[in-house]
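K.L.:
Pasting a structure here, questions to come.
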Amino acid sequence: MFKNLKRSTKKPSSILEKFTTSVITFQKLDVENAKFQKKFSSECQLGEWIIQLCCLIPIQIAVTKDNLFQPLRDGLSSNDGYGLHVDGIVKNISFGWYEGIFKHFSDKKVKVVSSMGEQSCGKSFMLNHLVGTTFNGSVMRCTEGVWMSLVNAKKYIYVALDFEGLKSLERTPQEDLFLTLFNTVVSNLILFKNQFAVNRDMSTMFQRFQDGATLFESDSKIFQAKLCIIIKDVPSADKEDIAREFKIKFSQLVSEEGEDNFISRMYKGGLEIIPWPMFNDAAWFKTLSKVNKKLDKQEAKYENARIFLQYTKVIMAKLKICDWGSLDEFLIQIRTATLKRLLRTVVAYGLEQKDSVNEQLMVTRICLY
């Protein structure tokens, strides 16, 4: 059976070699028997189970429209109370059910992995296989704006961002630029999926990246992402030639722009070109495993979930009103205002809040048979 599975799906099946299963008829089930419950049931905290369930549901956090970047509130468009100032916009941005999850795991480090590229080239599909998310995938246009999902691992929170395809007929070059800037600023690892060849459209796209590199003022931490160029559906015999072609193109871009090239300015985590095997090849999943290891080796960009929430919302607010001022300076202003408001508690206890921010998960237990 496992040999047939491996042959039909092309997926690595070594993990199934030690897989065992047992069969019992429904009539023989004795769920009220204590011995049966001890042997076959499993326990988990209800709160953790609900969190895992909520993490399976992506939420839309932003769209681009009329040459503007539009943050959303709980997945819906809302301009009420936005105003024209960054702090007012930040207060109106909400990530729905993920707000509570981030606050509960507020002390966990956060890594952000995102997927971008041309329309209908399998971006969502790859992201789903990489971190276990459930973004919608289709050969037609199915992603609008930016969607967020979350994977709560033992050591980190992995935030997955799925971006609308670039160069679509529904989007202008400026709207593509907004999506690219947001992606670059908030991510640890960016998977940029591209078609088989370097063409004029791709050159134009990278030129827009170059234009975006000059917008934000130079900040110490704003551009730290690692960019992985994923070249899809490359036959094994053409891997080296395709990789060489892309490297030559990027070398030309770097030499033409000098120290101000967008790769050096926007992707300080480095650039890597990965020829990706065709889907009907078992190497597709092996290459995916290698990318997963790259993500594991990267340092977390955010020390905790609170910083991630604040940082991301501030970036979204600045993009909305096209504020290209220093991000570091604005975050310092927010921090100063917070400490001023909580000065009495800070002086008395050395803490921002007297009571613990984290609330324990419900201890109610459920049995799964």
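Every residue gets a Cβ built from N, Cα and C, even glycine.
Straight out of TrEMBL:
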| type | residues | note |
| --- | --- | --- |
| DOMAIN | 105-206 | domain 'Guanylate-binding protein N-terminal' |
K.L.:
Can you check how the pLDDT averages out over the domain 'Guanylate-binding protein N-terminal' (105-206)?
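P.N.:
Summing pLDDT over the domain 'Guanylate-binding protein N-terminal' (105-206) and dividing by its length gives 85.
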K.L.:
In the domain 'Guanylate-binding protein N-terminal' (105-206), how many residues does DSSP assign to helix, to strand and to coil?
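P.N.:
In the domain 'Guanylate-binding protein N-terminal' (105-206), the DSSP-based counts are 30 helix, 32 strand, 40 coil.
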